[in-house]
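Novice: In case it helps, TrEMBL gives these features for our protein:
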ACT_SITE  SER98  active site, phosphoserine intermediate
BINDING   ASP47, ASP318, HIS322, ASP359, HIS360, HIS432  Zn(2+) binding site
BINDING   ASP47, ASP159, SER161, GLU313  Mg(2+) binding site
Amino acid sequence: VCFLSRTSAKKKGGNTWRDLGKSEIKKKLDLQRNTNRAKNVILFLGDGMGVSTVTAARIFKGQSERNFSGEESELFWEQFPYVSLSKTYGLDAQTSDSANSATAYLCGVKANFGTVGVDSTVKAKQCHNNNAAYVESIMKWAQDAGMWTGIVTTARVTDASPAAAYAHSGYRRWQQYVPENCSAQDIAQQLIYQLPGSEMRVIMGGGRKVFLSKEECDEEGKSGARSDKENLIRKWQELKENSSAVYVWNRTGLLEVNTSSTEYLLGLFDNDHMPYWINRSDPDTTKPNLTEMVRVAVEILSQNRKGFVLLAEGGRIDHAHHANRAKLAMQETMEFEEAVNRTTSTLPDNETLIVVTADHSHTMSIAGHPPRGTNIFGFAGNTTSKTPVQYTVISYGVGPQGARTLTNMTEEETSDINFVQQAAFPLWSAPHGGEDVAVYARGPWAHLFGGVNDQTYIPYVLAYAACIGQ
């Protein structure tokens, strides 16, 4: 599919591009560094949202609006004045997973693959209960300074990315159990019983099963996953009985929350990860979207005069990429963008630092030399083999169905939400990409994001801007 407006875009004269360049220079020259204290800090984390994902999402957005060929469009955070790159390697891995990368951007420490909130002395799947190996996150620094904290995600609230905000574990999968003879608490227990998890003012996402016994069912009739017979949702309610604490499990309950009086909110909206946006975009859905969750979180956290720190994750961008389902990943990115847009517009720019980044990339690429305005999910051209076959604009280096031939396939089929992109090499689940990821920032001290930095740099800038931590 090509879009007619691309013709005029291609024919823009030299004056147009010169004027655009002059306009961009003026914006840079007019920038004023904001050196106020960041009363509020929001870290928006697009899980798996590498630079190629941002580019493809930008084109997808423009083409979805039917006004552009797509390439000249922009995502909301691309308007932020400060941009840098983050090096995402792990302590023992060239390409990180979401656990050790989260330890980097939340705790400021490089960690081993698969570990959460611990230092280099802890290897993956190593049981430990040694406080000396624990590393504190920016959430703990914020709480020590009297700020309120919260986590919002479309994945499980105990998944790797949010877990690094409050937990210390030798393995990211130990969410509802630990190995036999291991004395450490699992990740869900740490969220309920230990600081900083127990003082999180807002916890929202999926994952009810890791809080419930296998012998219990949740509000939607699905079984829990715990073997110790604990009901951690009930325990959270008991621990907060002297506070204005609310537990909700569906969209209706969330939208009814009195955000001016609620001091603690636990929202678990699915037994596992929350459904993909396409499966909860119906007006009658029982699942809230990311924008709604973040809005409620910000309203509750804004009660605190000392400010807040919030982690908001679009967790399922990554899951779609693992399945090589590019369009699904782009739709998740669009939901993420809306949350960033709506949230940014409601908070004062002079006292709120907003940072948008990713934990790691994926092996998705945008290939070939298709004409301007070509459907981002369409075909790029033909191979040069003896029997030429078409290949799509988007493909993956590694993934579930490998380099299969798209025999007699139409663009309508390759643009379907369930279409699995081609990959050079077959693997049951697509791995992450090891290239740098972008960091976009606006607000107080956002100008400290520039150049190429280690991922561990991020929490120290957030802390410096908010005047917290060491």
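Backbone N, Cα and C define each Cβ position, glycine as well.
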Novice: What are the other residues, in sequence order, whose C-beta lies within 8 angstroms of the center of the C-beta atoms of ASP47, ASP318, HIS322, ASP359, HIS360, HIS432 at the Zn(2+) site?
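Specialist: Everything else in range on the chain: GLY48, ASP97, SER98, SER101, ILE317, HIS321, ALA358, SER361, HIS362.
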Novice: Could you check the binding-site residues HIS322, HIS360, HIS432 and say which one's CB has the fewest neighbouring CB atoms inside 10 Å?
Specialist: HIS322
Novice: Relative to the Cα of HIS432 (Zn(2+) binding site), which of the recorded positions SER98, ASP159, GLU313 has the closest Cα?
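Specialist: Minimum Cα distance from HIS432 (Zn(2+) binding site) across SER98, ASP159, GLU313 lands on SER98.
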Novice: With GLU313 (Mg(2+) binding site) as the reference Cα, tell me which of the recorded positions ASP47, SER98, HIS322 is the closest one.
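Specialist: Result: the closest of the recorded positions to GLU313 (Mg(2+) binding site) is ASP47.
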Novice: Roughly how many Å separate the Cα of ASP159 (Mg(2+) binding site) from that of ASP47 (Zn(2+) binding site), to the nearest whole number?
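Specialist: Per the Cα atoms, ASP159 (Mg(2+) binding site) and ASP47 (Zn(2+) binding site) stand 11 Å apart.
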Novice: List the Cα distance (Å, whole number) between SER161 (Mg(2+) binding site) and ASP47 (Zn(2+) binding site).
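Specialist: Distance between the two Cα atoms comes out at 8 Å.
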Novice: May I ask for the distance between ASP318 (Zn(2+) binding site) and SER98 (active site, phosphoserine intermediate), taken between their Cα atoms and rounded to an integer number of Å?
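Specialist: That comes out at 9 Å between the alpha carbons.
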Novice: Have a look around SER98 (active site, phosphoserine intermediate) and count the other CB atoms within 10 A of its CB, chains all included.
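Specialist: The answer is 26.
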Novice: Can you tell me how far the Cα of SER98 (active site, phosphoserine intermediate) sits from the Cα of HIS360 (Zn(2+) binding site), in Å?
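Specialist: The separation of the Cα atoms works out to 7 Å.
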Novice: Long-range neighbours only, meaning 6 or more apart in sequence with Cβ under 8 Å: which ones does ASP359 (Zn(2+) binding site) have?
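Specialist: Expected: LEU45, ASP47, GLY48, THR88, SER96, SER98, SER101, ALA102, TYR105, SER161, VAL437.
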Novice: Using all protein chains in view, find how many other C-beta atoms are within 10 Å of the C-beta of SER161 (Mg(2+) binding site).
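Specialist: I count 27 other Cβ atoms within 10 Å of it.
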